[in-house]
Amino acid sequence: MDYESATYKEEKVIWVTGHTGGTMWEINMVTGVMLSSYILWSALIKYTQISIKVYSSTLRTLLFEFLVLVFPSLLACTLLSSYAFYINVTLISAAELKELLVNEEEKGPKTKEHLVNGTRKPFLSVYRAGIMIVTCIAILAVDFTVFPRRFAKVETFGTSLMDLGVGSFVFSAGIVAAKPFLKRPENRFKPLGGQLINACKHAFPLFVLGFARLIAVKGVDYQEHVSEYGVHWNFFFTLAFLPIFVTLCRAVERYARFAVLGLVIIVVYQLALSRFGLQDYIQNAPRTNLISANKEGIFSFFGYLAIFIFAFDTGHYILPADPYYAFRQNRKPSIKPKQRKLAMILFSYAIVWSIGFMVALVWGIEVSRQMANLGYVFWVAVYNTGFLCLFQIVELMFFDRYWVKEGLYVPHIMEAFNKNGLAVFLLVSMSNVFEAMLF
């Protein structure tokens, strides 16, 4: 029995080891299916009365949203992974056909004009939920043969769907982390000690989850890929330390923008990797103490911190109705969201990070999720700001005056993922451990 258990564990380790990833084009196509699904859902909601027919029943709502929003991404990540481009074409063509065929009699009921919500951003809710859905699909499917090995996490250098998912999860969290400082500007100027205490309070549940996963993994002798984060470290510890370090970074907020600070952190970290032997240490040093045993998780944290800070800076533009609200001296809350201005800001950020990514490639810096190096950080930043811009454009196309109309702008299934994101991520990330306990 012990021999069988050891063999099973070794096979599972081999199954998730040594991958080199796939192309960025394919990754964009696979994750783009969520965007295409949202386009189709938006067209159906805007140009038909399907909301009246389908959303009158909880079961019909769940089935409809699953088939339109989740099922295409499930296929793109598994059975039809080689045909992601054609899935996108099919979904967008269906949305375009519905828009062309519709006439005034078929359009949904007119909505009453009055202020509904001046701060809510439907596109942001859908983007964050979409990231979570694709991430959950990948985590649950990675142990099965139906999930392409090129989508699994890369061993050292390369790009893959799961590598992008980890960084995008951090980026998504960084955006909403700016909310308390926009809701109450006085939070910016609280003493550093008080801010650190609050950050530790928010981080405490994540530390608990991190230790819970560590104990569970060691307790059931679950197969571990130690070159991912190390012997004891896991992703929950990375998430827990982020708000604490961001709070420490707030000490220089008066002197430099967060985007600049994030750039300094990742450039200095990359110099340590390339010029001062840190990369060789991470890849080749023996695990002789607590730091070397967890060298991947400890040092990659600085890359994730840069991603989080980039997103934190972006959140200051996305969350307010006026994108420049946080940067004006005389702040006056705006009721009407300035969607086009925000789309231009996101597009500009995508261009800036794209230039940074190309510079990294010219310098010979390959993408490495294991070390969260300069190439990886810029790749994650380019992808997320670019896709945020695309989701914003979809909102402009279909729901350009959502703040003065009663209507359905965020699918219920997306709302559920947004409200219960951490719980869902915990359940999914622990699913493999539960499997080991049962079998």
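Cβ coordinates are placed from backbone N, Cα and C, and glycine is handled just like the others.
Just so it is clear, the model here is predicted, and its values are computed rather than measured.
The transmembrane segment annotation in TrEMBL covers 27-45, 66-87, 126-148, 160-182, 231-251, 258-278, 298-321, 342-365, 377-399.
Note on the transmembrane segment (66-87): residues 26, 29-30, 32-34, 36-38, 40-41, 44, 130, 133-134, 137-138, 141, 144, 146-148, 151, 161, 411, 413-414 of its chain, located 6 or more positions outside it, place their CB under 8 angstroms from a CB of the stretch.
Same-chain neighbours of the transmembrane segment (298-321): 118-119, 121, 124, 167, 170-179, 181-182, 229-230, 233, 238, 241-242, 245-246, 249, 257-259, 261-263, 265-266, 269, 278, 282, 291, 327, 333-338, 342, 345-346, 349, 353, 369-374, 376-377, 380-381, 384-385, 388, counting only residues six or more beyond its ends whose CB sits under 8 Å from a CB of the stretch. Residues 249, 252, 299, 302-303, 305-307, 309-310, 312-314, 316, 356, 365, 371, 373-374, 377 of the same chain sit 6 or more residues outside the transmembrane segment (258-278) yet have a Cβ under 8 Å from a Cβ within it.
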